[in-house]
Amino acid sequence: MATSTGRWLLLRLALFGFLWEASGGLDSGASRDDDLLLPYPRARARLPRDCTRVRAGNREHESWPPPPATPGAGGLAVRTFVSHFRDRAVAGHLTRAVEPLRTFSVLEPGGPGGCAARRRATVEETARAADCRVAQNGGFFRMNSGECLGNVVSDERRVSSSGGLQNAQFGIRRDGTLVTGYLSEEEVLDTENPFVQLLSGVVWLIRNGSIYINESQATECDETQETGSFSKFVNVISARTAIGHDRKGQLVLFHADGQTEQRGINLWEMAEFLLKQDVVNAINLDGGGSATFVLNGTLASYPSDHCQDNMWRCPRQVSTVVCVHEPRCQPPDCHGHGTCVDGHCQCTGHFWRGPGCDELDCGPSNCSQHGLCTETGCRCDAGWTGSNCSEECPLGWHGPGCQRPCKCEHHCPCDPKTGNCSVSRVKQCLQPPEATLRAGELSFFTRTAWLALTLALAFLLLISTAANLSLLLSRAERNRRLHGDYAYHPLQEMNGEPLAAEKEQPGGAHNPFKD
């Protein structure tokens, strides 16, 4: 019995030990944040740079026009490389994404509101929530507080501001233009063509196809360059990440594994590598232990930070994340005037147009320059009417769309735009509707009466003509019977002697009855 009790006690102790190890294993999953690669001295409480804030004006930057849409083209290409840099083997990933306006996003740590909450999260956690196909760590942040540094615009939401401090920026404007370089606060806040995605890095690596590191060092931080720390940040080998675009306007993400001062690459080597990949503009993002690459929600890189158990390496909880996802509509809700289908807005209504369903189009005539195009059609100016506002108001009406009747004396017409009564147009006065109706009825009845009278007279004339003709024919027939044809036969005596009257008639006398 004692033996079984002892065995049970040992079993319980073993189980307790297993659970303790398991809990310890969970604790060991947290990064120690020990591979730090900072561009500026850690002891100095400062924002990303000490240089003067630029509130207004145009700063040096490059704008690349949005690439044309290529239906059916592959949206994402991820290449894995192992390259040698001065006899050092370096592994990493190069990602290209077409149509960055619809396939790329800057994400706050852990989702929307992460910067305001000063939240930190691993790239995996943030990427899974946003369905990222490829994700990397993004901009710089304060290790002790989690504060997002620099400018951050995430899906059109401005969540962090640098206040005009001049660090390298990469962003996408609403029309798809890719912007790389230095921006004033005024340019960041532009509302005519605002940024939909924007984040800050440190060091402009490549500008318009040329390495720009020296110029960037002088521009971004004069004072810290003297301390040597910024120079070390540029030249030390470490894990690195970058973002930019190529000549086709495709988004390019770069990631290289490493550990500060032990393995990896420096900024010069990274810039040269990117140039060989036809990258035109690129900036450097957070590196060192922050460098993380996640593919389809799974960690695909080798972190340099140690876990709580030094035997293992763990991904660091970082701030912003750059994400490549399936094509999305821009904006996702199509401005409330359409439905997003396969990354393209299908606009509702008859007049909403444009990639984001935010443009009103009332046809080629554009309301004939006499009205305003609205979501229900043309809203005509005063004095005009019709579906495209091409018709002037009829007499007696005025105002927008000719919806108001004139109120002039004697029903005179008014100005079709203002409704003012015009004395010079008295001759064009209109009759009252009742008078017009009575006149119309009278005219109608008069025409009907005249038509009936004309038909009656014609009928009587026809009857009279027929009667006269019948009477004439009847009289002719009677005369023919009374004075019909006959032959004259002279009378003779029975003895063959002529009558005495015939004898007495002279030979030259004319006999009217003789042929």
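Glycine residues also receive a Cβ, built from the backbone N, Cα and C atoms like all the rest.
Per Swiss-Prot, these features apply:
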- 358-390: domain 'EGF-like' (DOMAIN)
- Asn208: N-linked glycosylation site (CARBOHYD)
- Asn214: N-linked glycosylation site (CARBOHYD)
- Asn296: N-linked glycosylation site (CARBOHYD)
- Asn366: N-linked glycosylation site (CARBOHYD)
- Asn388: N-linked glycosylation site (CARBOHYD)
- Asn420: N-linked glycosylation site (CARBOHYD)
- 486-493: region 'Mediates the interaction with AP4M1' (REGION)
- 488-491: motif 'Tyrosine-based internalization motif' (MOTIF)
- 50-448: topological domain 'Lumenal' (TOPO_DOM)
- 470-515: topological domain 'Cytoplasmic' (TOPO_DOM)
Residues in the domain 'EGF-like' (358-390) grouped by DSSP into helix, strand and remaining coil: 4 helix, 13 strand, 16 coil
For Asn208 (N-linked glycosylation site), nearby residues of its own chain (Cβ under 8 Å, 6 or more apart in sequence): Glu62, Val280, Asn281
Pairwise CA distance, Asn214 (N-linked glycosylation site) versus Asn296 (N-linked glycosylation site), rounded so that it is a whole Å: 36
Asn388 (N-linked glycosylation site) and Asn420 (N-linked glycosylation site), Cα-Cα, nearest whole angstrom: 25
Whole-number Å value for how far Asn388 (N-linked glycosylation site) lies from Asn296 (N-linked glycosylation site) (Cα to Cα): 52
Neighbour-count leader, CB within 10 A, glycosylation sites: Asn214, Asn388: Asn388
Spatial neighbours, same chain, of Asn366 (N-linked glycosylation site) - Cβ under 8 Å, 6+ residues apart: Cys373
Glycosylation sites listed as Asn296, Asn420, least Cβ neighbours within 10 Å: Asn420
Within the predicted model, mean pLDDT of the domain 'EGF-like' (358-390): 90
